[in-house]
Amino acid sequence: STMRKRKTTEPPHSSTDLSEGKEKLRLKQEVGLISGVSLIAGTMIGSGIFMSPEWVLHHMGSPASSLIIWAACGLLAMFGALSYAELGTIIKESGGEYIYILRIFGSFPAFLFAYTSVILVRPAGLAAVCLSFAEYAVAPFYPGCSSPQVVIKCTAAACILLLTIINCLNVRLATSVMNIFTAAKLLALLVIVVGGLVLLAKGQTQSFQNAFQNTTAGIGAVGVAFYQGLWSYDGWNNLNYVTEELKKPEVTLPRAVMIAIPLVTCLYLLVNVSYLAAMTPSELLSSGAVAVSWGDKVLGSWAWLISLSVALSTFGSSNGTFFSGGRVCYIAAREGHMPDILSMAHVRCLTPSPALLFTSAMSLIMIISGSFTSIVNFFSFIAWFFYGMTISGLLYLKIKKPELPRSYKVPIIIPIIVLMAAVYLVLAPIIDQPQIEILYIVLFIFSGVILYFPLVRFKCHPRFLQTVTLHLQLFLEVAPTTRDTN
């Protein structure tokens, strides 16, 4: 059948289906500590730090309160990642939230997550980052005027197609691209940080006088400010999507988290200080692209370097998002929650190419129909709903099954704080500023019920899908893979 439930005890598929019968086909363990840090930091540092500061300041009203939000977002991301690190050492499978929800809560909620993530959340996140990459990449060709939407969308589509080729060819090539672009974007952020420190040394501190003046206190405004800040930290959980591809996951996962997230948090705070040193709060609020405005003020004729840096940064981030997003689709298919073809890997490249191609196609659809600003808040709403569910699963395991072997333990207060934050982030904007779009998102999540019962629970599959799967398998040169739980 085209979709099937595979239990952990099921004998693994081997490449005997296609070849000589000795070697099992599986994804390689290519991700070490440096690549792990790059995957987390490289995905987190994308378009957010260059585009979100003005929105955090807009919702919070004062420079000091916006800096507190940035620090709190970093702390929350750190707590969330440490909680996920423990989950990753208990359940040593790729797939992130999907696999944890499946193993702890069962098939139905895991299917709803996979359905929402694969069809909507991951492609939307990738489309948003690629659209921001395209805006910065084409801006130098249209000086003094806004770039045509058709050019931006075509550039974003070209970015997705290039990422598809890189990720389908080789895991090592994809991680090398990640490492190079992470180094480039860290360098760009250091330029902004050093520039800001020079300005402060020269006495440009007017933004920090009466820094709490005009602070907003509404719970909804604070919630939306958190959404904008957390968008810049999104990616803190990316390493959990590729656990099976990590070298020594029980060591690499916690270490990579403890290096990457404090590094990114410190950089974000220093970059925000630099923005506020160069511009007054009102100038920052009226800026369309904060980093470019900073470059114009501080670097003068070298300002083009900032546009180039942002383009490189967003490309690297979209590569990380694509790398991990394709794995959710692949793991969900392997567990019988998506068409079987998506659970296969290329017989020579050993990459989950059908899942990557599907993610690419969905992202291209999002690019045609959406824009960057329309995605962030609703992306965050769904993400934190499922983060909360996953963290409650960890609390269940800590309380009810403390005997399970784990190489890393997080103090129980940390997941409790993350769960409280998740509940706040989901409920605060609904209570304070209810929007009809949130209702549409909830309806979309639960529309998965219509598909779950006939296709997954009762396995009612049209016969022609078997033929389609077989032809696609031959055309794409892919075969079923074995589960590698280290």
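Quick reminder: no glycine exception, Cβ is built from N, Cα and C everywhere.
Predicted automatically and left uncurated, TrEMBL annotations should be read as such.
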Residues flagged as transmembrane segment in TrEMBL, choosing from 31-52, 119-140: 31-52
Stretch contact, the transmembrane segment (154-174) with the transmembrane segment (437-456), Cβ-Cβ under 8 Å, 3+ pairs: no
Maximum Cβ pairs under 8 Å to the transmembrane segment (31-52) - stretch from the list 64-85, 97-118, 180-201, 354-372, 409-431: 180-201
Recorded stretches the transmembrane segment (180-201) and the transmembrane segment (256-278) touching, at least 3 CB pairs under 8 Å: yes
Any contact, the transmembrane segment (256-278) to the transmembrane segment (437-456), with at least 3 Cβ pairs under 8 A: no
